[in-house]
Amino acid sequence: MVTTEEQAQNKHPGREPAVLSCTSAVTGLPQKRYYRQRAHSNPIADHSFDYPARPQDVDWHAMYPNIQEGQQVSFADIGCGYGGFLVTLGEMFPEKLSIGMEIRVKVSDYVVDRIKALRHKSGEAGGAYQNIACIRTNAMKYLPNYFAKGQLEKMFFLYPDPHFKRAKHKWRIINQALLSEYAYVLKKGGLVYTMTDVEDLHKWIVSHMEQHPLYQRLDEQAANADPITPKLYQSSEEGAKVVRNKGDHFLAIFQRL
Ligand SMILES: C[S@@+](CC[C@H](N)C(=O)[O-])C[C@H]1O[C@@H](n2cnc3c(N)ncnc32)[C@H](O)[C@@H]1O
């Protein structure tokens, strides 16, 4: 991708265009500044997404080149943003396939390019990061199009958009109707991880999850004993920002009954 900023730098007509890329020459990874997009996308609006009619119609092999016959995605990072936590999942669980789902086009493009670059750096076919991928989609609408009943072992909702205004509470990604849909794609015994820096949203999440008959909150000891828990604080870009700003973190993990 050559940005307008880069085109503007090509000041010498007649010469070969300067080939400037959005990949850093130092790290070999894409640079976020070329993929910025305004923070909120209306999840209820009718964006025109291509989506599969059924999970079996998804070309998983295109996303996970080493996927084995019968292997399925186990972990879903919902609203994965720039993919920091997804990358951590890939590193922590090399045997599991993890997917990031992100509604903003430039942000999901960034994650796709980031994964491509990480795979390239680690030596393509046999290397790392073959087990993570990102889809641009509206996770509030299309989860059952991607996942079969009881497929997912873990779902992550990290620093979801708080939508503070009452009129926009219907945009919140945790709500009673969607919790039933999440329960459908989750395995019995599967886990939903939630983390936010907004106390009011945390209380909303906990009260909606506790009212739902298919979820039970893990007690503090069990939540803290989970090896993923320490990563929830700062592996994602949003989490790292909260740590930098010395903000609060509110964690709640729920088991699908
Ligand atoms: C505050 S950011 C947090 C990103 C990431 N989880 C992190 O911790 O850095 C929330 C993300 O969720 C995405 N998002 C919001 N609604 C969504 C939806 N319905 N489907 C998929 N992604 C969504 C937003 O575009 C945004 O990138």
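Even glycines carry a Cβ here, placed using N, Cα and C.
Keep in mind that TrEMBL annotations are predicted by a computer and have not been checked by a curator.
The S-adenosyl-L-methionine binding site annotation in TrEMBL covers Gly79, Glu102, Ile103, Asn138, Ala139, Leu158, Ser236, Glu237, Glu238. Neighbours of Gly79 (S-adenosyl-L-methionine binding site), defined as other CB atoms within 10 A of its CB across all chains, total 23. Reduced to three states, the DSSP call for Gly79 (S-adenosyl-L-methionine binding site) is coil.
In sequence order, Ala39, His40, Gly79, Trp171, Arg172, Ile173 make up the list of same-chain residues 6 or more apart from Asp161 (active site) whose Cβ falls under 8 Å from its Cβ. Annotation comment: TrEMBL describes Asp161 as active site.
The Cβ neighbour count for Ile103 (S-adenosyl-L-methionine binding site), using a 10 Å radius and every protein chain shown, is 23. DSSP assigns Asp161 (active site) to coil in the three-state reduction, placing it in neither a helix nor a strand.
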